[in-house]
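J.: Structure provided below as structure tokens; questions to follow.
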Amino acid sequence: MKIAILATNPHLYSHKRLKAEAEAAGHEVKIINPLYCYMNVAASNPKVHYRGGAPLPHFDAVIPRIGASITYYGTAVLRHMETMGMYTLNESIAISRSRDKFRSLQLLARKGIPMPLTSFAQSPDDTEDLIHMVGGAPLVIKLLEGTQGKGVILADSHQSAVSIINAFKEMHANILVQEFIEESRGTDIRCFVIGEKVVAAVKRQAKDGEFRANVHQGGKAVKVKLSPQERAIAVSAAKTMGLRVAGVDLIRSNHGPLVLEINSSPGLEGIEKATNINLAGKIIEYIEKKAKPISSNHRFHG
């Protein structure tokens, strides 16, 4: 098979691992920077050209590893590849859906998937009511555009919540205000979903004095055993987004597991090293089983 990895940085652990496993399985692999791609829009012969002017060849499968900062352009390139009949591991519409944090929460709520109580605002006039909607302090305030734990603040008191929200109000920032689950302070669980199965899971523990468990914020990851309920919720969350491969972040509360976030380009390094599971290899095996050209009547989803 000819496989493209759509990514801006070929040196990241995840991208090197995917390339190595695909090549070890006998496939031809190219890492394609989406920012170097440009496209024509044509009814009969859509094309993607690459830096230097050469048209991209047809790939049997595309693995999108699109960073959050280039979601719009990266998914546009991916969508064009879909119109050309290329199989994409995660489809452009699913990535866009999961990157819109509030939209993803709306979809999860519609499916009855449990999550923390959340409100959404942009420069709210009534800060007090916004706080009241999620049950009061302590609460978590998140910038809608934040990733890897950045732009996430814990307000321990009512006054600090008011001050933080009012500060964001001055920036005209889109924010999520979310109830804080005290019993999960400093921990979360990353479930790695491929297809309709959780293939690996780790518990992430924040460093001392930090409530964000993200490995990028200095947290540590250790292998964890999931309950059947946690597995089912993680798979349902990924399926709701339409993602074939996803990192689903859960927390354990006194009333059961809650979904925090769904990542369409989950990192491999922390979870592979903590579990000794070859996730890159499992992704390539999944592609080998599932990759088929997209039929003409399924090439564009809007």
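Glycine is no exception: its Cβ is also placed from the backbone N, Cα and C atoms.
These figures come from a predicted structure and were not determined experimentally.
Okay, these came from Swiss-Prot:
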type: DOMAIN; residues: 105-288; note: domain 'ATP-grasp'
type: BINDING; residues: LYS142, GLU179, PHE180, ASP188, ARG212, ALA213, ASN214; note: ATP binding site
type: BINDING; residues: ASP249, GLU261; note: Mg(2+) 1 binding site
type: BINDING; residues: ASP249, GLU261; note: Mn(2+) 1 binding site
type: BINDING; residues: GLU261, ASN263; note: Mg(2+) 2 binding site
type: BINDING; residues: GLU261, ASN263; note: Mn(2+) 2 binding site
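For each feature listed, report its degree of burial, its nearest neighbours and the pertinent distances within the displayed model.
T.: Within 10 Å of the C-beta of PHE180 (ATP binding site) there are 20 other C-beta atoms, taking all protein chains into account.
GLU261 (Mg(2+) 1 binding site) carries a strand DSSP state (E or B).
Cβ neighbours within 10 Å of GLU261 (Mg(2+) 1 binding site), excluding its own Cβ and spanning all shown chains: 18.
For ASN263 (Mg(2+) 2 binding site), applying a Cβ distance below 8 Å and a minimum sequence separation of six or more within one chain yields SER98, ALA246, GLY247, VAL248, ASP249.
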J.: Can you count the other CB atoms that lie within 10 A of the CB of LYS142 (ATP binding site)?
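T.: Its Cβ has 22 other Cβ atoms within 10 Å.
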J.: State the Cα to Cα distance, in Å, between LYS142 (ATP binding site) and GLU261 (Mg(2+) 1 binding site), rounded to an integer.
T.: 12
J.: For PHE180 (ATP binding site) and GLU261 (Mg(2+) 1 binding site), determine the Cα separation and express it in whole Å.
T.: 14
J.: Can you count the other CB atoms that lie within 10 A of the CB of ASP249 (Mg(2+) 1 binding site)?
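T.: That number is 21.
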J.: Once the chains shown are all counted, how many other Cβ atoms turn up within 10 Å of the Cβ of ASP188 (ATP binding site)?
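T.: Result for ASP188 (ATP binding site): 22 neighbouring Cβ atoms inside 10 Å.
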